[in-house]
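Down below is the structure, laid out as C-alpha coordinates.
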Amino acid sequence: MNVSLFPRLALFTGCVALVLSIDALAADLPSIKIMATGGTIAGRGASATEAGYEASEVAVDELIQNVPEISDIADVSGEQVLQTSSQHITPEDWLTIGKAVNQAVADDGVDGVVITHGTDTMEETAYFLHLTVPSDKPVVLVGSMRPGTAMSADGAMNLFNAVALAGAPEARGKGVLLTLNETVFGARDVTKGNTTNPATFEARNAGPMGSVFFGEVNLYEAPIQAHTAESEFKIDELESLPQVDILYGYAGDSSHLVEAAVTSGAEGIVFAGVGNGNFHPEVEAALAKAREEEVAVVRSARVGSGHVTLDAEVDDEKYGFVVADDLSPQKARVLLTLALTETSEPARLQEIFFKY
Ligand code: ASP
(Lines of atoms letter the chains of each structure in order from A; the text may use other names.)
(Lines give C-alpha, C1' and ligand atoms only; values in the text may rest on other atoms or scores of the structure.)
Protein backbone atom coordinates (compact mmCIF):
# COMPACT_ATOMS: atom_id res chain seq x y z
CA MET A 1 0.00 0.00 0.00
CA ASN A 2 1.12 3.52 -0.76
CA VAL A 3 2.38 4.83 2.62
CA SER A 4 1.22 8.39 1.86
CA LEU A 5 -2.34 7.06 2.03
CA PHE A 6 -2.01 6.27 5.76
CA PRO A 7 -2.58 9.75 7.18
CA ARG A 8 -5.57 10.31 4.84
CA LEU A 9 -7.07 6.96 5.79
CA ALA A 10 -6.59 7.71 9.46
CA LEU A 11 -8.21 11.12 9.00
CA PHE A 12 -11.15 9.59 7.12
CA THR A 13 -11.65 6.88 9.77
CA GLY A 14 -11.44 9.51 12.49
CA CYS A 15 -14.09 11.63 10.77
CA VAL A 16 -16.44 8.66 10.37
CA ALA A 17 -16.00 7.81 14.05
CA LEU A 18 -16.69 11.43 15.02
CA VAL A 19 -19.84 11.62 12.88
CA LEU A 20 -21.02 8.29 14.31
CA SER A 21 -20.43 9.43 17.88
CA ILE A 22 -22.23 12.75 17.27
CA ASP A 23 -25.14 10.78 15.80
CA ALA A 24 -25.13 8.49 18.81
CA LEU A 25 -25.16 11.48 21.13
CA ALA A 26 -28.02 13.08 19.17
CA ALA A 27 -29.95 9.83 19.47
CA ASP A 28 -29.68 10.14 23.27
CA LEU A 29 -31.07 13.65 23.42
CA PRO A 30 -34.57 13.95 24.87
CA SER A 31 -37.39 14.75 22.45
CA ILE A 32 -39.11 17.91 23.64
CA LYS A 33 -42.22 19.42 22.15
CA ILE A 34 -42.40 23.21 22.40
CA MET A 35 -46.02 24.35 22.38
CA ALA A 36 -46.37 28.11 21.90
CA THR A 37 -49.28 30.23 23.07
CA GLY A 38 -47.91 33.80 22.79
CA GLY A 39 -46.99 36.30 25.53
CA THR A 40 -43.99 38.56 25.92
CA ILE A 41 -41.58 35.73 25.16
CA ALA A 42 -43.04 36.01 21.65
CA GLY A 43 -43.00 39.82 21.78
CA ARG A 44 -41.30 42.39 19.60
CA GLY A 45 -40.47 45.98 20.53
CA ALA A 46 -39.44 48.96 18.41
CA SER A 47 -36.11 49.43 20.21
CA ALA A 48 -33.91 47.85 22.88
CA THR A 49 -34.77 50.46 25.49
CA GLU A 50 -38.49 51.15 25.04
CA ALA A 51 -40.78 49.56 27.61
CA GLY A 52 -43.66 49.19 25.11
CA TYR A 53 -43.86 46.24 22.70
CA GLU A 54 -46.30 44.04 20.83
CA ALA A 55 -46.75 40.71 22.61
CA SER A 56 -47.40 37.40 20.81
CA GLU A 57 -45.79 38.37 17.47
CA VAL A 58 -43.07 35.73 17.09
CA ALA A 59 -44.16 32.28 15.90
CA VAL A 60 -42.90 29.06 17.43
CA ASP A 61 -40.40 28.20 14.65
CA GLU A 62 -38.72 31.57 15.00
CA LEU A 63 -38.70 31.23 18.80
CA ILE A 64 -36.81 27.95 18.44
CA GLN A 65 -34.45 29.27 15.73
CA ASN A 66 -33.58 32.21 17.96
CA VAL A 67 -32.02 29.83 20.49
CA PRO A 68 -29.89 27.48 18.35
CA GLU A 69 -28.10 26.21 21.49
CA ILE A 70 -31.26 24.22 22.28
CA SER A 71 -30.27 21.68 19.62
CA ASP A 72 -27.25 20.75 21.80
CA ILE A 73 -29.51 19.58 24.63
CA ALA A 74 -32.70 18.32 22.98
CA ASP A 75 -34.36 17.24 19.83
CA VAL A 76 -37.17 19.81 19.60
CA SER A 77 -40.31 20.19 17.54
CA GLY A 78 -42.75 23.10 17.68
CA GLU A 79 -46.50 23.53 17.68
CA GLN A 80 -48.39 26.84 17.67
CA VAL A 81 -51.36 26.17 19.96
CA LEU A 82 -52.47 29.79 20.45
CA GLN A 83 -50.95 33.17 19.64
CA THR A 84 -52.23 35.52 22.31
CA SER A 85 -51.31 37.54 25.35
CA SER A 86 -52.09 35.69 28.53
CA GLN A 87 -54.41 38.41 29.84
CA HIS A 88 -56.70 37.28 26.99
CA ILE A 89 -56.65 33.61 27.94
CA THR A 90 -60.03 32.12 28.85
CA PRO A 91 -61.08 28.86 30.53
CA GLU A 92 -61.92 27.57 27.03
CA ASP A 93 -58.29 28.28 26.07
CA TRP A 94 -57.22 26.17 29.08
CA LEU A 95 -59.20 23.33 27.55
CA THR A 96 -57.54 23.87 24.15
CA ILE A 97 -54.07 23.91 25.69
CA GLY A 98 -54.87 20.95 27.98
CA LYS A 99 -56.13 18.78 25.14
CA ALA A 100 -53.09 19.66 22.99
CA VAL A 101 -50.72 18.81 25.86
CA ASN A 102 -52.55 15.54 26.55
CA GLN A 103 -52.10 14.59 22.91
CA ALA A 104 -48.40 15.45 23.05
CA VAL A 105 -47.66 13.47 26.23
CA ALA A 106 -49.54 10.45 24.86
CA ASP A 107 -46.99 10.30 22.03
CA ASP A 108 -44.22 7.77 22.81
CA GLY A 109 -41.81 9.89 20.82
CA VAL A 110 -42.21 12.86 23.18
CA ASP A 111 -40.21 12.89 26.45
CA GLY A 112 -41.37 16.25 27.74
CA VAL A 113 -43.35 19.36 26.86
CA VAL A 114 -42.49 23.05 27.14
CA ILE A 115 -45.29 25.60 26.89
CA THR A 116 -44.37 29.19 26.09
CA HIS A 117 -46.97 31.49 27.65
CA GLY A 118 -47.51 35.05 28.81
CA THR A 119 -46.62 35.53 32.44
CA ASP A 120 -49.79 37.39 33.53
CA THR A 121 -51.95 34.27 33.84
CA MET A 122 -49.28 31.60 33.44
CA GLU A 123 -49.89 30.41 36.98
CA GLU A 124 -53.54 29.67 36.19
CA THR A 125 -52.80 27.68 33.03
CA ALA A 126 -50.03 25.85 34.90
CA TYR A 127 -52.37 24.79 37.71
CA PHE A 128 -55.11 23.83 35.25
CA LEU A 129 -52.65 21.53 33.44
CA HIS A 130 -51.37 20.25 36.79
CA LEU A 131 -54.91 19.03 37.44
CA THR A 132 -55.74 17.69 33.99
CA VAL A 133 -52.67 16.16 32.34
CA PRO A 134 -52.50 12.53 33.48
CA SER A 135 -48.84 11.93 32.80
CA ASP A 136 -45.51 11.67 34.59
CA LYS A 137 -43.70 13.33 31.69
CA PRO A 138 -42.36 16.78 32.52
CA VAL A 139 -44.61 19.64 31.44
CA VAL A 140 -42.90 23.01 31.90
CA LEU A 141 -44.34 26.49 31.41
CA VAL A 142 -42.01 29.30 30.50
CA GLY A 143 -42.22 32.93 29.48
CA SER A 144 -40.26 36.12 29.77
CA MET A 145 -40.68 39.56 31.23
CA ARG A 146 -38.89 41.33 28.38
CA PRO A 147 -39.44 40.84 24.65
CA GLY A 148 -36.56 39.39 22.61
CA THR A 149 -35.82 42.84 21.16
CA ALA A 150 -35.17 44.41 24.59
CA MET A 151 -31.80 45.06 26.16
CA SER A 152 -31.00 42.17 28.49
CA ALA A 153 -33.91 40.11 27.16
CA ASP A 154 -34.63 37.09 29.36
CA GLY A 155 -36.60 34.85 26.97
CA ALA A 156 -33.75 32.97 25.26
CA MET A 157 -32.14 31.75 28.48
CA ASN A 158 -35.53 31.01 30.03
CA LEU A 159 -36.49 28.88 27.01
CA PHE A 160 -33.13 27.08 27.01
CA ASN A 161 -33.56 26.31 30.72
CA ALA A 162 -37.16 25.17 30.24
CA VAL A 163 -36.10 22.69 27.54
CA ALA A 164 -33.33 21.40 29.83
CA LEU A 165 -35.86 20.99 32.65
CA ALA A 166 -38.41 19.21 30.43
CA GLY A 167 -35.69 16.78 29.37
CA ALA A 168 -34.37 16.11 32.87
CA PRO A 169 -35.20 12.67 34.33
CA GLU A 170 -35.54 14.23 37.82
CA ALA A 171 -38.40 16.44 36.57
CA ARG A 172 -40.60 13.40 35.87
CA GLY A 173 -43.54 12.87 38.19
CA LYS A 174 -43.25 16.30 39.82
CA GLY A 175 -46.46 17.70 38.38
CA VAL A 176 -46.51 20.70 36.10
CA LEU A 177 -43.53 23.02 36.56
CA LEU A 178 -42.83 26.65 35.72
CA THR A 179 -39.45 28.20 35.22
CA LEU A 180 -38.24 31.78 34.76
CA ASN A 181 -35.10 33.51 35.89
CA GLU A 182 -33.20 30.28 36.77
CA THR A 183 -35.83 29.22 39.29
CA VAL A 184 -38.21 26.25 39.19
CA PHE A 185 -41.65 26.35 40.80
CA GLY A 186 -44.49 23.88 41.22
CA ALA A 187 -47.73 24.85 39.47
CA ARG A 188 -49.88 24.81 42.61
CA ASP A 189 -48.19 27.48 44.69
CA VAL A 190 -46.44 29.65 42.12
CA THR A 191 -47.65 33.21 41.65
CA LYS A 192 -46.57 36.29 39.76
CA GLY A 193 -45.25 38.66 42.40
CA ASN A 194 -43.88 41.69 40.57
CA THR A 195 -45.34 43.58 37.61
CA THR A 196 -42.07 44.12 35.70
CA ASN A 197 -39.08 42.38 37.33
CA PRO A 198 -37.62 39.31 35.54
CA ALA A 199 -37.53 37.58 38.96
CA THR A 200 -41.28 37.96 39.15
CA PHE A 201 -42.39 34.48 40.19
CA GLU A 202 -42.54 33.29 43.77
CA ALA A 203 -44.16 30.55 45.81
CA ARG A 204 -45.19 32.15 49.07
CA ASN A 205 -46.22 29.03 50.97
CA ALA A 206 -44.09 26.27 49.44
CA GLY A 207 -40.98 28.09 48.18
CA PRO A 208 -39.25 27.25 44.89
CA MET A 209 -38.71 23.60 43.90
CA GLY A 210 -35.22 24.11 42.52
CA SER A 211 -33.12 25.85 39.92
CA VAL A 212 -31.90 25.60 36.33
CA PHE A 213 -28.62 27.36 35.71
CA PHE A 214 -27.43 27.43 32.05
CA GLY A 215 -29.33 24.17 31.55
CA GLU A 216 -28.10 22.48 34.75
CA VAL A 217 -31.13 21.26 36.67
CA ASN A 218 -31.29 20.95 40.46
CA LEU A 219 -34.59 19.99 42.05
CA TYR A 220 -34.91 19.88 45.83
CA GLU A 221 -38.59 19.62 46.58
CA ALA A 222 -41.49 17.48 45.40
CA PRO A 223 -45.11 18.69 45.45
CA ILE A 224 -47.09 17.30 48.35
CA GLN A 225 -50.55 17.62 46.87
CA ALA A 226 -52.13 15.21 44.40
CA HIS A 227 -51.60 16.14 40.77
CA THR A 228 -51.25 15.02 37.19
CA ALA A 229 -51.23 11.20 37.08
CA GLU A 230 -53.40 10.95 40.23
CA SER A 231 -55.86 13.68 39.30
CA GLU A 232 -59.53 12.80 38.85
CA PHE A 233 -60.31 15.59 36.39
CA LYS A 234 -60.80 14.57 32.77
CA ILE A 235 -61.16 17.22 30.09
CA ASP A 236 -61.38 15.17 26.87
CA GLU A 237 -65.16 15.50 26.67
CA LEU A 238 -65.44 19.08 27.97
CA GLU A 239 -66.17 21.95 25.57
CA SER A 240 -66.72 24.67 28.18
CA LEU A 241 -66.34 25.25 31.91
CA PRO A 242 -68.72 26.68 34.52
CA GLN A 243 -68.66 30.40 35.29
CA VAL A 244 -66.73 31.07 38.48
CA ASP A 245 -66.15 34.68 39.57
CA ILE A 246 -63.60 36.09 42.01
CA LEU A 247 -64.68 38.91 44.32
CA TYR A 248 -62.20 40.95 46.34
CA GLY A 249 -62.96 41.95 49.91
CA TYR A 250 -62.19 45.35 51.46
CA ALA A 251 -63.10 47.55 54.42
CA GLY A 252 -66.63 48.90 53.99
CA ASP A 253 -67.54 46.19 51.45
CA SER A 254 -71.20 45.67 50.55
CA SER A 255 -73.43 43.09 48.92
CA HIS A 256 -73.84 44.39 45.37
CA LEU A 257 -70.91 42.60 43.70
CA VAL A 258 -72.02 39.23 45.09
CA GLU A 259 -75.53 39.95 43.83
CA ALA A 260 -74.15 40.91 40.40
CA ALA A 261 -72.16 37.66 40.16
CA VAL A 262 -75.22 35.58 40.99
CA THR A 263 -77.43 37.52 38.56
CA SER A 264 -74.91 37.10 35.77
CA GLY A 265 -75.03 33.31 36.16
CA ALA A 266 -72.03 32.41 38.30
CA GLU A 267 -72.12 28.78 39.40
CA GLY A 268 -69.32 29.49 41.84
CA ILE A 269 -67.87 32.47 43.71
CA VAL A 270 -64.36 32.60 45.11
CA PHE A 271 -64.31 35.32 47.72
CA ALA A 272 -60.84 36.78 48.29
CA GLY A 273 -61.59 37.80 51.86
CA VAL A 274 -59.65 39.96 54.29
CA GLY A 275 -57.40 38.21 56.81
CA ASN A 276 -58.33 34.57 57.23
CA GLY A 277 -60.90 34.81 54.41
CA ASN A 278 -63.25 37.08 56.35
CA PHE A 279 -65.88 39.53 55.06
CA HIS A 280 -68.29 42.29 56.08
CA PRO A 281 -71.70 41.11 57.45
CA GLU A 282 -73.43 42.50 54.33
CA VAL A 283 -71.25 40.30 52.17
CA GLU A 284 -71.87 37.35 54.47
CA ALA A 285 -75.63 37.79 54.05
CA ALA A 286 -75.30 38.03 50.25
CA LEU A 287 -73.11 34.92 50.13
CA ALA A 288 -75.60 33.06 52.34
CA LYS A 289 -78.30 34.02 49.85
CA ALA A 290 -76.12 32.84 46.97
CA ARG A 291 -75.85 29.46 48.69
CA GLU A 292 -79.66 29.26 48.81
CA GLU A 293 -79.51 29.56 45.02
CA GLU A 294 -77.02 26.65 44.87
CA VAL A 295 -74.04 28.85 44.01
CA ALA A 296 -70.83 27.31 45.39
CA VAL A 297 -68.93 29.69 47.67
CA VAL A 298 -65.22 29.26 48.35
CA ARG A 299 -63.50 31.44 50.92
CA SER A 300 -59.98 32.40 49.94
CA ALA A 301 -57.88 35.36 51.10
CA ARG A 302 -56.48 38.51 49.58
CA VAL A 303 -53.49 38.28 51.94
CA GLY A 304 -51.15 36.35 49.63
CA SER A 305 -50.00 33.49 51.85
CA GLY A 306 -51.20 31.16 54.58
CA HIS A 307 -54.20 28.87 54.95
CA VAL A 308 -57.83 29.89 55.17
CA THR A 309 -59.14 27.80 58.01
CA LEU A 310 -62.53 26.16 58.23
CA ASP A 311 -65.02 27.52 60.77
CA ALA A 312 -62.56 30.03 62.29
CA GLU A 313 -64.41 33.37 62.37
CA VAL A 314 -66.99 32.32 59.78
CA ASP A 315 -69.54 29.55 60.35
CA ASP A 316 -68.78 27.62 57.16
CA GLU A 317 -70.81 24.62 58.17
CA LYS A 318 -73.96 26.67 58.68
CA TYR A 319 -73.85 28.14 55.15
CA GLY A 320 -72.12 25.35 53.23
CA PHE A 321 -69.11 27.53 52.49
CA VAL A 322 -65.88 25.84 51.43
CA VAL A 323 -62.37 27.03 52.32
CA ALA A 324 -59.61 27.29 49.73
CA ASP A 325 -56.92 25.99 52.09
CA ASP A 326 -53.72 27.76 50.96
CA LEU A 327 -54.71 28.34 47.34
CA SER A 328 -54.67 31.91 46.08
CA PRO A 329 -58.03 33.21 44.82
CA GLN A 330 -57.01 32.67 41.18
CA LYS A 331 -55.86 29.10 41.87
CA ALA A 332 -59.01 28.42 43.88
CA ARG A 333 -61.01 29.58 40.86
CA VAL A 334 -59.20 27.09 38.60
CA LEU A 335 -59.91 24.25 41.01
CA LEU A 336 -63.53 25.25 41.59
CA THR A 337 -64.11 25.50 37.84
CA LEU A 338 -62.98 21.91 37.43
CA ALA A 339 -64.60 20.63 40.62
CA LEU A 340 -67.99 22.00 39.54
CA THR A 341 -67.87 19.75 36.47
CA GLU A 342 -68.20 16.88 38.97
CA THR A 343 -70.14 18.10 41.98
CA SER A 344 -71.64 21.14 43.68
CA GLU A 345 -72.04 19.39 47.02
CA PRO A 346 -70.13 21.43 49.71
CA ALA A 347 -68.67 18.47 51.61
CA ARG A 348 -67.34 16.89 48.43
CA LEU A 349 -66.03 20.27 47.22
CA GLN A 350 -64.24 20.69 50.55
CA GLU A 351 -62.61 17.25 50.13
CA ILE A 352 -61.39 18.32 46.70
CA PHE A 353 -59.98 21.57 48.10
CA PHE A 354 -58.06 19.73 50.81
CA LYS A 355 -56.76 17.16 48.29
CA TYR A 356 -55.50 19.27 45.39
N1 ASP B 1 -49.00 40.67 29.24
C2 ASP B 1 -48.02 39.65 28.90
C3 ASP B 1 -48.75 38.33 28.89
O4 ASP B 1 -49.07 37.81 29.92
C5 ASP B 1 -46.93 39.71 29.90
C6 ASP B 1 -45.87 38.64 29.75
O7 ASP B 1 -45.93 37.73 28.97
O8 ASP B 1 -44.88 38.72 30.53
O9 ASP B 1 -49.03 37.83 27.83
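Keep in mind that glycine also has a Cβ here, set from the backbone N, Cα and C atoms.
Copied over from TrEMBL, here are the features:
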ACT_SITE  Thr40  active site
ACT_SITE  Thr40  active site, O-isoaspartyl threonine intermediate
ACT_SITE  Thr119  active site
DOMAIN    32-224  domain 'L-asparaginase N-terminal'
DOMAIN    243-353  domain 'Asparaginase/glutaminase C-terminal'
SIGNAL    1-26  signal peptide
C-beta crowding around Thr119 (active site), within 10 angstroms: 24
DSSP-derived class (H/G/I helix, E/B strand, else coil) of Thr119 (active site): coil
Integer mean pLDDT for the domain 'Asparaginase/glutaminase C-terminal' (243-353): 98
In three-state DSSP terms, the structure that Thr40 (active site) belongs to: helix
